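Listed in TrEMBL for this protein:
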DOMAIN    A:4-164  domain 'FeoB-type G'
BINDING   A:11-18, A:36-40, A:57-60, A:117-120  GTP binding site
BINDING   A:Asn22  Mg(2+) 1 binding site
BINDING   A:Gly26  Mg(2+) 2 binding site
TRANSMEM  A:285-304  transmembrane segment
TRANSMEM  A:347-371  transmembrane segment
TRANSMEM  A:391-413  transmembrane segment
TRANSMEM  A:425-451  transmembrane segment
TRANSMEM  A:458-482  transmembrane segment
TRANSMEM  A:522-544  transmembrane segment
TRANSMEM  A:612-633  transmembrane segment
TRANSMEM  A:640-663  transmembrane segment
Amino acid sequence: MKKKLIAALVGNPNVGKTAIMNMLAGTKAKVGNWPGVTVERKEGKYSFRGFEITLIDLPGIYSLTSYTIEERVTRNFLLNEQYDAVVNVIDATLLGRNLYLTLELLEMGVKPILALNKIDDIKKFSINFDKLSAIFNLPVISVSAYRNTGFSELSEKIIEVGLNGINGEVFRPTYSDLLEAAISEISMIINEDEQFKKNIRWFAIKLLEGDPEITEMAKQSKVSETLSKALSRIKTEFYERKGEELSSAIPKERFLMASRIARIVIETDYSFEEKEDFRDKVDRIITTPVTGIPIFFAIMAAVFKLTFTFSSPFVKLIGHIFGETLPTMVQSLPLPETLESLINNGVLAGVGSVLSFLPILFVLYILLSILEDTGYMARAAALWDNFMRHFGLSGSSVIPLILGFGCNVPAIYATRAMRSPVHKLITMMIIPWMSCSARLAVYSVFIAAFFQNNRTLIVLSLYTIGIVMGLIFAKIVSLFLVDEGEGEFFIELPSYKFPSLKVVFNQTIIEVKDFLSKAGTIILLASLIIWALASFPAGVRYAGEHSIAGMAGKWLLPLFKPLGINDWKPVVALLFGAVAKEIVVGTMGTLYGNAEMLPTILKTTFTPASAFAYIVFVLLYIPCIATISAIYQESGSKKWVTFIAVVELAVAWITAFAFYHGIKLFAG
Amino acid sequence: MKTLLDIEEGQTVEIKEIKGGPCFKRRLAAVGIFPGSKVRVVKNAPGPIIVEVEKSRFALGRGMARRIVVR
């Protein structure tokens, strides 16, 4: 049996932790959420020299305070979980800033392996590894996901540290006299309480910094009274003597210490550059609305165009195989009718609809990771932030929302890149109203029947209704959800760079596999349920009047009468449309018995007003099963999924009702 | 009293004071934005302001920038 080791990857955002994990664990990595929060959890296993190494990619953070959820997740993992080694991934081009986190790790008692990434990107200076290693007394190695170097050294170090630990005294950050006196005083006080004993100095520093979580913890302590008196006295004295607050003096000293160490180990010029460069101009153009918005739309248009151009032959192929080739083969087999129907209408339809998402997801993910890797995404978020704030969202919501027009499923997954859990949740709620391409299939049938002369106007109005409803809804929800300190926009704009195709490809494979294993099973299950509803009781015509689905359609019909719908068949189509919206058309084709003549048949059942109300309902009612399962997976909460489904159904009904009667009123 | 919002694009300034709670200050300090540090304003037009600190670039909301007093 292999010996097992667990190594945690810690580092600032954008340092390349995920790229390193993807290179090591390859496409075997898994993505999920940390328990209870919507922060992404990436984990990967690989074998090296007879060891099975599990890598845990902790959320990217600048500091180990408990300000953001990412910081809390990372900190709690390092404090409370079992692991054998910690790899502190460092962006070598930003050594000074990255060492800040290293110092915090050391304060906390964690002895990390320092993995310097992006060494190739350094142009004007070089880093003396021996000096860096000597200062900290920690192993230092260089890795490059881009060039695929340093990975066996890193694995060897993980094994070595995992087995023997890091021996000897490591660097311990010491602060100015005044701060050190304060730290000792607080240490003396909390020394009386068992819960602080394992890491007294760290707790003392966090208390002086005013860390909310640790301060809360101290309130329950038996020394809380002495402690709070001492803290407030020390803080006042410090302010009187230094003219600055203690809580920011500690991070400031830590930052300066990190810069000093960086200056010692960096071997050539490290002066602060003040000159304007090309990057400034590009950044300004991209993030200023007048120039940035056209560029943004051009890029998104290109993303869509490429996604659908590259994926559509594969989508068609999958549709053909699962919709025609295989069903025909099954029909030719001597099978009982029910079994044949189960295979064709249940299993194959389900698997087919799962697989038909794959080409789209695959191409879209590749393009998105390229955009992310080049550094554009952060700038697009900066561009849109002001506008989105008005609706309780943030700049980072824009990309997922735009993606929703292509397909809601990848759009939901794209919210993974969002930092604020509240903004992420609200964005997920309104993505279903971004009219996806599957809904276009439904619109086109009704347009062919009723609105031939106003095609563009109708399609445009549907897109607009979705966007407007989404923004209004976001605004309302945001009034009830409190954003934890993430209200202000703050994002790093990483350097522009050329993406590594291998990293992009691996990342895409991981995400697609993730979709298959999680969303796929739910879609298949839903297809089987729908099949059962349409096939039973035994002997009825598939999805016909006497099937459970047909009876449900009739039973629900009174609910749709106020929307101008007088036939149970379109209602059944809506039930089936919950699996995937494009099924709405197919179901009506089956029920009315003639798919080609559908537009003509619809004219006998619908009026223009009720037709418009119906497509508005299709736009706004519960998203497809794949989207629902993606929302469940990303939010990790049944409560929110139910909320979204119920609210969206209600909004769909009310809006469709308003349009039906509105149109009747004005158009007679 | 000048804040980051009053600084022209391309100029480098020293931070004098940051107004706000300890969390806000700690968060900025961790990336090198604290009294005494120097930042260069890359973009100061509608939308978030872009600053460069020790070779890193950050976009910050204008409300945040208004609380950063510079000299």
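Residue positions begin at 1 at the first shown residue.
Every residue gets a Cβ built from N, Cα and C, even glycine.
All TrEMBL annotations are machine predictions without curation.
Counting only residues at least six positions away in the same chain, the Cβ atoms of A:Lys17, A:Gly60, A:Asn88, A:Val89, A:Ile90, A:Asp91, A:Asn98, A:Leu101 sit under 8 Å from the Cβ of A:Gly11 (GTP binding site).
For the transmembrane segment (A:285-304), the list of distant contacts is 364, 367-368, 371, 376, 379-380, 382-384, 398, 402, 405-406: same-chain residues at least six beyond its ends, Cβ to Cβ under 8 Å. Most Cβ pairs under 8 Å to the transmembrane segment (A:612-633), among the stretches A:347-371, A:425-451, A:458-482, belong to A:425-451. Long-range contacts of the transmembrane segment (A:425-451) within the same chain: residues 38, 308, 392-393, 397, 400-402, 404-408, 411-412, 415, 418, 457-459, 462-463, 466-467, 469-471, 473-474, 477-478, 481, 577, 580-582, 584-585, 588, 598-600, 602-603, 606, 608, 611-612, 614-615, 618-620, 622-624, 627, 631, 634-635, 640, 644, 647-648, each at least 6 residues beyond the stretch ends and with a Cβ under 8 Å from a Cβ of the stretch. When each of the listed stretches A:347-371, A:458-482, A:640-663 is scored by C-beta pairs under 8 angstroms to the transmembrane segment (A:522-544), A:347-371 comes out highest. Taking the Cα atom of each, A:Val37 (GTP binding site) and A:Asn22 (Mg(2+) 1 binding site) are about 23 angstrom apart. Shown are the binding-site residues A:Asn14, A:Asn22; of these, the residue with the fewest other Cβ atoms within 10 Å is A:Asn14.
Of the recorded residues, the residue listed as 'Mg(2+) 1 binding site' and A:Asn14 (GTP binding site) place their C-alpha atoms 14 Å from one another. Mapped onto three states, the DSSP output places the residue listed as 'Mg(2+) 2 binding site' in helix. Here the binding-site residues are A:Gly26, A:Pro59, and the one whose Cβ sees the fewest other Cβ atoms within 10 Å is A:Gly26.
Less than 8 angstroms from the CB of A:Glu40 (GTP binding site) sit A:Val31, A:Gly32, A:Asn33, A:Trp34, A:Pro59, A:Arg416, each of them six or more residues away in the same chain. When pLDDT values are averaged over the domain 'FeoB-type G' (A:4-164), the model yields 89.
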